[in-house]
Every structure is written in structure tokens, then in C-alpha cells.
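What follows is a short report on a single structure.
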Amino acid sequence: MANYFNSLNLRQQLAQLGQCRFMDRSEFSDGCNYIKDWNIVILGCGAQGLNQGLNMRDSGLNIAYALRPEAIAQKRASWQKATDNGFKVGTFEELIPSADLVLNLTPDKQHSNVVSAVMPLMKQGATLSYSHGFNIVEEGMQIRPDITVIMVAPKCPGTEVREEYKRGFGVPTLIAVHPENDPNGDGLDIAKAYASATGGDRAGVLQSSFIAEVKSDLMGEQTILCGMLQTGAILGYEKMVADGVEPGYAAKLIQQGWETVTEALKHGGITNMMDRLSNPAKIKAFEIAEDLKDILQPLFEKHMDDIISGEFSRTMMQDWANDDANLLRWRAETGETGFENAPVSSEHIDEQTYFDKGIFLVAMIKAGVELAFDTMVSAGIVEESAYYESLHETPLIANTIARKRLYEMNVVISDTAEYGCYLFNHAAVPLLRDYVNAMSPEYLGAGLKDSSNSVDNLQLIAINDAIRHTAVEYVGAELRGYMTDMKSIVGA
């Protein structure tokens, strides 16, 4: 199989990268009726598989799970979860031939083998769906021409998909139709109905392409979503301990600090996050963020270049073929870091303290979001896609670190995301270590001295303008406003 993106000419590549349209709520007036009586079979019962299935069943659809015979015979976790929730479970041979819609929600590295196994069993004219397009775009999987191929990709972990649905809402969702596999011209209708069944239409749906989803998703998870958080945690902890901060407190300030500062980001973007700082702290966070961007911009651009060219996928798939040797080694090394092994502190930290003593953390988030967003847009990815793969998902990943540090983050994210995170982290740590070590303790761990809160008015005005007037802030305000409006409509 050859990389699908690389098989296209430049004009086709740019057209696919630039596909992104925020769909109007009225386009989902038919709900999930288009697939109401279909037999829908889900492959994989992990977080996305189980929670999407629960939502779709609650929306009135017919859901079953196809598992490998050994998973059923040995009553593995996937079988246990599906049966505990009252779903019909069977083998591929038992369920796939009668399926109208097959949802491939298995891990990326299993896609080629899984799709190769189910395709001969799928009936003429059936539909195959993905929640991530890596197999189609990077591996170049070719699907039988009579099969419709779609994507429905909720922009959050599977548990959040379920919780938001139970609240009567949903999560922002990306949908796409593979242009090589839309024989009946109804791929978009199927994807819309599927997204509606999971609750995605209540939060906002982007009509995109397989290529735009893959390239932006890989970039976001490698840089701001995982790589920057891991790098900041490791270096920030080392810095505080070297400055004499008690290890448990240092770890807690970072572990819970990521979640606290990105909660402000979630509600009001970079502007709101920065406004949580005092005026002197805001100025310093802005200056640090500018320094970080200068240092890291070439690394962000290299990751984007390697993602666009297919170099990242090529090297990662080599590691797949080598039994994940690099991934497993890097995972073990992360588990040995000081941050991961620091004692758990029971000391209470007030919410505002995470901002006051975490100026560096705020600067890392600001720099990472802006760099990731701007780098994606400069590569031809539309702003809305870049926003969802940078600022929007950052609080969701920070929440995982708040539970069990980097271990939890790397368990929850895909192996593809984890591999890319380690690549970024290994390059970013040596780039930033001297800068972080040279910082004043006031910027992480101690907080600014209370002697004066005075600032230069003109400097503050200029910095406030620079914070507010960026593309990521403009598009973020628009998309967050849409979600707020939708919550009001759904709750009415």
C-alpha cells in the first residue's frame, strides 16, 4: 500500500487539506433516521467503541459488536464490556455479512489487518466508517469500490462522548467522506446520521476530509496536546526541585496546574487564561511565551513537515513492524522521570495559586497553542480544524494528567499520539532545558514578590492587544459561542 496523500498532485493535496465547513444545525433536522433500521456492527470495544455504541443505541439504533473468536472465548475486557452493557456480541463471520454499517473503532496499528479481514465479509453496498483516517491516508488502504467509506471523529476521549450525551448535549465532531469511495453519493447523509446518533450535532459538526483530519490530528497531538504538556511537566518539576521546592508540592503544582489553567482556556481562550494572572505576571508570561515560540518554532515546523510528507508515519510504521521497540522503550523511560515518581502531596493548593505560582505553565500553553495553530494554518489546514486540534483539545488532555500524571495521558491517547508525543518531547527537552533552568523561581513555584503590582500602562495595553487579536482567538470565540448557543437550544 502507498501513502494516499502522496499519490495526489499538489492541487488535489491542497484542496483536501483545505476542506472544512462548519455545518448548520438545520442540516441535521432528520437526526439519525437515515440509518434508523440499519444493522450497525462496531469493531472494537475500547473507550470510543463502547461509548459511541451506548449513545447510538440510546438514539434508537441497532448496535452489535464483532470481536475476534479468542476475545469471546477468553472473555477478554472487550467482550466483558459489551456483554455487561447488554449488547449482542459475535464473531466477524457471524455479524459482518448482514451489517449495513461497520464502524472500525480499533487502534490505528490494527486497522490494516482488521479491514483486510472484514472487507471480504461485507455485503455489496455496505458502509465502512473510521474515527481516524490514518489507515486510509497514511497507509493507503484501498477499499472495495462498492463500499462507502466515511469518517465520524468526535473531538474528545470516548468517556467524554458518553458523559456529554447523558447531559443532553454532545461533543464537537468532524465528519468526512472518502472521495474514492462514495459510489451511491450518500456518504455525507450516512455520516450526518451517525454523528447525530452520538450527539455530535448538538455541539457542532465540521465537514472535512480524511486528509485534513489526519494531518491536523497528528500535528495537534504531537505538539501542544501531549508533547508540550509532557515537556513542561518534566522540565518544570526538575526546575522546582532544583530550586528547593518540596517534590510532592512541585509535582502537584504541575499535575493539577495543567488542568486548572486550561480550564480557563476552555471557557475563554488564551485571553481568559492570561487574564487570570496579575498584570505583572501577565507581562512576564507573555514574554516567556514569546521566548518559547522563538526556541520551538523550528521544531513545530519540522513536525508539520514530517507529517505532511509522510516521514512521521513511515518511521512509526517501521516501529510497528519492530514490535513497538521504540514506543515501549520511551514509555518505560517516561515512567522513570522524576515527575512521574514524585510523592503525592495532600497539601491544599488554592485555584488562584496555580496561576500565581505557575506563570511558566501558562506561558507554555499560550506558546504551544499559538504555534500549533499557526503552523497548521500555514500548511494549508483551515482555521476551524486547527482550532479543534490545538486549543479545544488541550483541556481534555490536561484532565488526564490530573488523574495519574503522564502515565494516564499516555494510556488514554492512541499509540500513534503517544509515539509522536515522545518524538517531540525528546527534541524539546534539550532545546528548553537551559532556558527553564535559568528562569527565576518566581515564574514557577514561588510566584512574584508582592512588593509592587505596578506596570507600564502602554506596555500592558500593547500586550493585551497582542493576546486578544490573533487568529486562534477570533475563531475560538466564534466556535465556543456556537457551542454555547447550542447548549441553550438543547436545554430549552
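Heads up, the Cβ atoms here are built off N, Cα and C, so glycines get one too.
According to Swiss-Prot, Glu389, Glu393 bind Mg(2+) 2; the candidate from Asp201, Asp217, Asp243 that the record adds to this site is Asp217. Long-range neighbours of Cys45 (NADP(+) binding site) (same chain, six or more residues apart, CB within less than 8 Å of its CB): Gly53, Tyr65, Leu67, Ala77, Ser78, Trp79, Lys81, Ala82. Cβ neighbours within 10 Å of Arg68 (NADP(+) binding site), excluding its own Cβ and spanning all shown chains: 16.
Within 8 Å of the centroid defined by the CB atoms of Asp217, Glu389, Glu393, the record's Mg(2+) 2 site, lie the Cβ atoms of Lys155, Ser216, Met219, Gly220, Glu221, Leu225, Tyr388, Ser390, His392, excluding the listed residues themselves.
Of all the binding-site residues given, namely Ser78, Ser414, the one with the smallest number of surrounding CB atoms inside 10 A is Ser414. Distance noted between the C-alpha atoms of Gly158 (NADP(+) binding site) and His132 (active site) is 13 Å. Ranking the binding-site residues Ala47, Gly158, Glu221 by other CB atoms within 10 A of the CB puts Ala47 at the bottom. Proximity to Glu221 (Mg(2+) 1 binding site), defined by a C-alpha to C-alpha distance within 10 angstroms, is shown by the following recorded positions from Ala47, Lys109, His132, Glu389: Glu389.
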